[in-house]
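Copied from Swiss-Prot, the annotated features are:
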type	residues	note
BINDING	Cys377, Cys380, Cys383, Cys426	[4Fe-4S] cluster 1 binding site
BINDING	Cys387, Cys416, Cys419, Cys422	[4Fe-4S] cluster 2 binding site
COMPBIAS	524-539	compositional bias 'Basic and acidic residues'
DOMAIN	368-397	domain '4Fe-4S ferredoxin-type 1'
DOMAIN	407-436	domain '4Fe-4S ferredoxin-type 2'
REGION	505-558	region 'Disordered'
REGION	653-674	region 'Disordered'
Amino acid sequence: MLNLFAAFKKDRIWDFDGGIHPPEMKTQSSGVPLRTAPLPDKFIIPLQQHLGPEGELCVKVGDTVLKGQPLTVGRGRTVPVHAPTSGTISAITPHITAHPSGLAELCVIIQPDGEDRWCERAPVADYRQLTASELIQRIHQAGIAGLGGAGFPTASKLQGGMNGVETLILNAAECEPYITADDRLMQEHADQVIEGTQILRHLLQPKVTLIGIEDNKPEAIAALKLALRGQPGIALRVIPTKYPSGGAKQLTKILIGKEVPHGKHSSAIGVLMQNVGTAFAIKRAIVDGEPLIERVVTLTGEALSLPGNLWARIGTPVQHLLKFAGFQPQAQQMVVMGGPLMGFTLPALHVPIVKISNCILAPSVSEMAPQEQEQSCIRCGLCVDACPAGLLPQQLYWFSRGEEHEKARNHNLFDCIECGACAFVCPSNIPLVQYYRQEKAEIKAIDLEAARTAEAKARYEAKLARLEREKLAREERHKKAAVKLTDGDQDAVQAALARVRSKNAVPATGTISGDAPDNSEMNAAREARKAQARERRAQQETPVAPVTASASEDEDPRKAAVAAALARVKAKKAAPQATAVETPAESPAVVTEEDPRKAAVAAALARVKAKKAAQQATAVETPAESPAVVTEEDPRKAAVAAALARVKAKKAAQQATAVETPAESPAVVTEEDPRKAAVAAAIARAKAKRAAQSLTTADTDKE
């Protein structure tokens, strides 16, 4: 480090590889003093004039604005733009701007009122009283971007260099042919350039401050030396004229002998570089309180009768400046914004001047011939020798034409500074820089699409993760809410299950109890038909004595007595069965529900048995002459039948008692009663049929 400082004291400089020596063509405009261009009929102010996103509009159509009033606001790399004069906003619309693509961008159109009235300004008498953050904020609000051509936001650049800056370099090389804007600015305003440099030194606190200027600017060198008298800490370095010595990496190598690493900026090695025009704009913003609304623009070329350098307001149409400089268009006339090597041909003359516009070149046909026809590459290697970045332009050309993006990237395409030295020496007239610019744009578009895809994928994965977390959280809440059931809860569950079972059993009970009457009626009808058939056979086999009306009337009481006896027997049978299946006296509702059906069954059975008894009585009774005998036998048969009925009723009662549940659980008995009652009724019917058959047999034997 000590040897490096010793070299600085000895005014030592280094050299960079490559480079060319094109015709300078600077004398056309360097000897003419600065002039101020008149106000145009309208100003076209693009919202984006820097490297970064455009700001947010803070005005609308119809608003009246003053000179220096902000038109947009922004933070970070978003640099605001200001009104170049007082007037009225007539439109906010897309307009073609100073860009090689010729695409339209959003612009603010201002109709000047001719008064040129300033807005309220806030000058600072002593910038040393301000903190670093206050100085950076003022620089940002003034809308200052790099005036050397890159357009990087100055405030962001200074903010990033607050720590670790050892060397501050002021770039005054202005190496490209024709351009003399910085030269003329240093000749006439060297003291303000140095004052802006002192503000940067106060802000960054570098160890060394260097000004690099080419030796083809003797007047500017003299003016700077005069302004540096009594200004310690700033050293002036005069370097040989060589293109592109004004490049950031190249000038860094020339002044301090260090090379910037691949893919990095000068700040990576502790160097921060600013253009002399940017230093002048910083002085005006801090000391005078004026935003960046004008800059020095070189108007040169043989098609202009009054070439020189002008103070041009931002937003002034190029056509207005050319008219002021005596533009005399020729056949196949071209107008270039920038220098002949790094500039581009304007698609139209009504494009506006922006913050990075340093030159308008209007050459004659003899001065700059149109682009010759492109030939095939002969692999001469001259482009490799001329490249100041140490690249392989020939290989990059093939990769660009073949759209081999990854190979172009791997061969450090983005280290190309687009100086145009390779195209200048190419004998095949290949516009190499155009291929490189197109390839860079395509790679950036691919990277942007890949970034969007990755962002979308990240959002999708984040959504899935969020849904999974919510699912786990729900499950955890459910686990915490699920507590162990207590005994009381178990009782409640069992009660609910019992209610469900009782509801399910009700339809089955109704079906069983409902089917019994239907089946009984069918059986009764069948038995009735059989009885009628037997009666007809009996009438055919047994002679019937004539019976008078009085005799028929005498027989009716006997038949009624037999029917009554049978009914009493059936009633006695039904009574024990009903007692066996009915619920205790505490639930009379159940008995009430079952009584009608059982009564219907009993009535049907009684009718059938009465018919049978009538037939049997008719078959065994004697002729009408002996009615007393019949009358004497009927009570005996009734007594026998009654005795048999009582025996069967006792058996049925015992069976029903054996299967019924204890009286202590009436709820269970109630649930089982319908089925057991149906079974008991079927058994009773079978027993009654057998008893009737036995009784009939016994009566026959006795006769």
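The count begins at 1 with the first shown residue.
Backbone N, Cα and C atoms are what each Cβ position is placed from, and that goes for glycine too.
Structure coloured by features recorded in Swiss-Prot.
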residue	record	DSSP class
Cys377	[4Fe-4S] cluster 1 binding site	coil
Cys383	[4Fe-4S] cluster 1 binding site	helix
Cys416	[4Fe-4S] cluster 2 binding site	coil
Cys422	[4Fe-4S] cluster 2 binding site	helix
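Ranking the binding-site residues Cys380, Cys383, Cys387, Cys426 by other CB atoms within 10 A of the CB puts Cys380 at the bottom. Cα distances from Cys387 ([4Fe-4S] cluster 2 binding site) to the binding-site residues Cys377, Cys380, Cys426 are smallest for Cys426. Apart from Cys377, Cys380, Cys383, Cys426, the residues listed for [4Fe-4S] cluster 1, the same chain places the Cβ atoms of Ile378, Arg379, Gly381, Leu382, Pro393, Gln394, Tyr397, Cys422, Val425, Pro427, Ser428, Ile430, Leu432 within 8 Å of the centroid of those Cβ atoms. Each of the binding-site residues Cys377, Cys416, Cys419, Cys422 was scored by how many other Cβ atoms lie within 10 Å of its Cβ, and the smallest score goes to Cys377. For Cys377 ([4Fe-4S] cluster 1 binding site), the nearest neighbour among the listed binding-site residues (Cys416, Cys419, Cys422), judged by C-alpha distance, is Cys422.
For Cys383 ([4Fe-4S] cluster 1 binding site), the binding-site residues whose C-alpha atoms fall inside a 10 Å radius of its own C-alpha are Cys422, out of Cys416, Cys419, Cys422. Rounded to a whole number, the C-alpha distance linking Cys380 ([4Fe-4S] cluster 1 binding site) with Cys422 ([4Fe-4S] cluster 2 binding site) is 12 angstrom. Straight-line distance linking the Cα atoms of Cys416 ([4Fe-4S] cluster 2 binding site) and Cys426 ([4Fe-4S] cluster 1 binding site), rounded to a whole number, equals 16 Å. Taking the mean position of the Cβ atoms of Cys387, Cys416, Cys419, Cys422 as the [4Fe-4S] cluster 2 site, the remaining same-chain residues with a Cβ inside 8 Å of that point are Gly18, Cys383, Ala386, Pro388, Ala389, Leu391, Pro393, Ile417, Glu418, Gly420, Ala421, Leu432, Val433, Tyr436. Cα-Cα distance from Cys426 ([4Fe-4S] cluster 1 binding site) to Cys419 ([4Fe-4S] cluster 2 binding site): 14 Å (rounded to the nearest whole number). Note: the compositional bias 'Basic and acidic residues' (524-539) comprises 16 helix, 0 strand, 0 coil (DSSP; helix = H, G, I, strand = E, B). Restricting the average to the domain '4Fe-4S ferredoxin-type 1' (368-397) gives a pLDDT of 91.
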